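Here's the structure, in structure tokens; my notes come after.
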């Protein structure tokens, strides 16, 4: 079914997918050593739970998730832990490939909690590139009602064919994985969004769909146009829903998953197999046997490319110039090939200088507006460019820098060869740093205020005890002069008490609101503020009762005084 | 980081707009001026060509001189051909066979003042060629209104005229009036129909101007077709000219010229496709471009009809250049996903 809706802009870069989608998906050779980074996902790095010399099997947990947004890391080969460092764990393989699997779960009968726990234990993260932990994403239903699960099979970036090949080989399994996630989050329908340049994958999906699905599945073929695989763009295209600025697809009742992730979900649930391997596209003119491979996580990029017939750097025109991780639009060149494949590695392009030449020198922006016409978010990239270079933060916000998805369409068309997206990334980074600095200062201030409040409360308590002692020993009524001054004091203290009470209520409300709106937000600062307000209230209460005891019992002194 | 660039791939789908780099954008503009220059030369003699050649040479020379003073790389910047474009555009705007010094003064204003003093390519708030033109028009009105009637390729006294050695007395004998000029100065008492009945222009003048206008249209359409310029500004400018000229004409046909006359004489089509579309000094968003173009068209008709000058493209463009920062500020498109805000709160 062709889609009636559209996002603005977009470009048609050369697809160059033929290079890697001509051969079947095969297993890469089992590596003899793997290096598994502790951070292969968004959020906090995992904490190692093995030490050097420990024996591990494929699927053993070697690092546990840390904090709310994090993910487990598992051994991807069997063998012995060779090194545990602050950033990664290395394993020397024994070549036996022994597995440790969790018991299979029948997802049709399983409790949602059990499924969530399984996803959590299995270290599943989004395999499309962002690496967001899948169990956290599934828990979004706690805040938002989800009506649709979108399978993002657009794979719009040039060169990459991992999803294409995954669907050709595993369309039944991907759909079953989608059923698990859809059931888990209560989605009433599943929509597959796929670009029309993947006829084989589309045919495989049609074949798989003829089997009948418990939750309705719709296959929507969309015209090939970069960046239709952007979450917000695809949702606009498939459902004509606009994800609000700064929001998530869940805000409009949609959840997006990549086919590779759904396959991993099925493997984790049905087979008890944690995320230890993924499909990686090996492509580029500098390798002789391009194609897609099942690669164990932690395999060295260099070994992998050499298996695929890498032409080593040299004077040969077919030789390697750079290796790009990800696609040519949004990916980044690797500084060294001695780097492991991670959960986020969907594509490795071993490019010759001829196929992806270095950009020509930048010339001044002539405001031609070409970037504006291709921007899929309808931003004004050239204005952002001026303001990013000028570090004009107010204007950057006004021109919605934060809405930029960094797709690179503007850089692709710029006739002046300006690396626009690099400017935006730098500016975003700078703004993020600034934000962190200001919140840090803010938190420090709040902690200081809390300390002050605590000291004041303790002081008031001390004072109260002292007064009580004195009153006990003297047992004499206070003089009339002190009574009159006590009266004015009392009024001031009553006002202070009421104000302190109000600020406690305000702090409580604030905390509740933020916790509801954005559960991901760290709340310790707001907790500090609430505690400060409570300390202030305690102190005010003490002072008030103390003053009331001292002054003659007079319910409303201010009204009766002449 | 984008490692792919449209200008460097040759295997993109042909439907995908392939944007040439800035230098070749400029070269396309020059190519698109060729029909106009050829037609003008055919009707008004080689003086048109001498203007263009001199202005282009001055343009490159001044650009090189300022770049040297500013210690900027000469080669890469001259290579972008933007100074050449400014020269060509000012050259065709001047009366044929303008004296060399006039062209030189105009190009100093255009390249040195309007462009390089503001920081070079991409930084100038005003259209350089039109700054040069406006300066000459107000400083040397005698020379700027000497538009000879259609003549042979090599009119007599061409060289003396270019060299600036022709006595002033003889200048007048060479000059004629452009149709806009003649109509402007027909006098209040003369009705439009009477004016045309007088046959006020030398034979062939009106048709020569029409052919020239059509040649510029052809070049302009080439630019739109090649996606060197977007359609927004020309369409908005010509549309608003047509609308306003029609209103004027309908209000009093005996005094105001017909819309077609406005479009096919003077610098309307040339201005719409070649001058107003200068991206550097124009509004940037699509909505901004439409307002910008419409503003130029409206100003042209207003100045032509009730102002003091027979033609007004230069002033209209410069006036709208002034408004560009404001237009850019108020025509920011709403990004997808941003809430609709009331117009007052829109940045």
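Even glycines carry a Cβ here, placed using N, Cα and C.
TrEMBL does not curate its annotations; it predicts them automatically.
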### Query
Which one of these stretches, A:459-490, A:491-522, shows up in TrEMBL as region 'Disordered'?
A:459-490
### Task
Could you tell me which of the ranges A:428-454, A:536-562 is annotated in TrEMBL as region 'Disordered'?
A:536-562
#### Entry: Residue from A:185, A:256, A:407, A:414 that TrEMBL also lists as binding [4Fe-4S] cluster 1 with A:365, A:368, A:371
A:414
## Note on the structure
Long-range Cβ list for residue A:414 ([4Fe-4S] cluster 1 binding site), cut-off under 8 Å, min separation 6+ in sequence, same chain only, gives A:365, A:370, A:371, A:420
### Message
I need the neighbours of the [4Fe-4S] cluster 1 site defined by A:365, A:368, A:371, A:414. Which other residues of that chain put their C-beta within 8 angstroms of the C-beta centroid, in sequence order?
### Response
A:366, A:367, A:369, A:370, A:381, A:382, A:385, A:410, A:413, A:415, A:416, A:418, A:420
### Query
What is the interatomic distance between the Cα atoms of residue A:404 ([4Fe-4S] cluster 2 binding site) and residue A:368 ([4Fe-4S] cluster 1 binding site), given in whole Å?
20
#### Entry: Residues from the binding-site residues A:365, A:368, A:371, A:404 that lie close to chain B, Cβ under 8 Å, in sequence order
A:365, A:368
### Query
What are the other residues, in sequence order, whose C-beta lies within 8 angstroms of the center of the C-beta atoms of A:375, A:404, A:407, A:410 at the [4Fe-4S] cluster 2 site?
A:9, A:371, A:374, A:376, A:377, A:379, A:381, A:405, A:406, A:408, A:409, A:420, A:421, A:424
### Query
Which chain-mates of residue A:410 ([4Fe-4S] cluster 2 binding site) that are at least 6 residues away have a CB under 8 A from its CB, listed by sequence?
A:371, A:374, A:375, A:381, A:420, A:421
### Message
Return the average pLDDT for the domain '4Fe-4S ferredoxin-type' (A:395-424) as a whole number.
### Response
91
#### Entry: residue A:368 ([4Fe-4S] cluster 1 binding site) and residue A:407 ([4Fe-4S] cluster 2 binding site), Cα-Cα, nearest whole angstrom
20
### Task
Ten-angstrom check, please: count other Cβ atoms within 10 Å of the Cβ of residue A:407 ([4Fe-4S] cluster 2 binding site), all chains counted.
26
#### Entry: Fewest other C-beta atoms within 10 angstroms, as judged across A:375, A:404, which are the binding-site residues
A:404
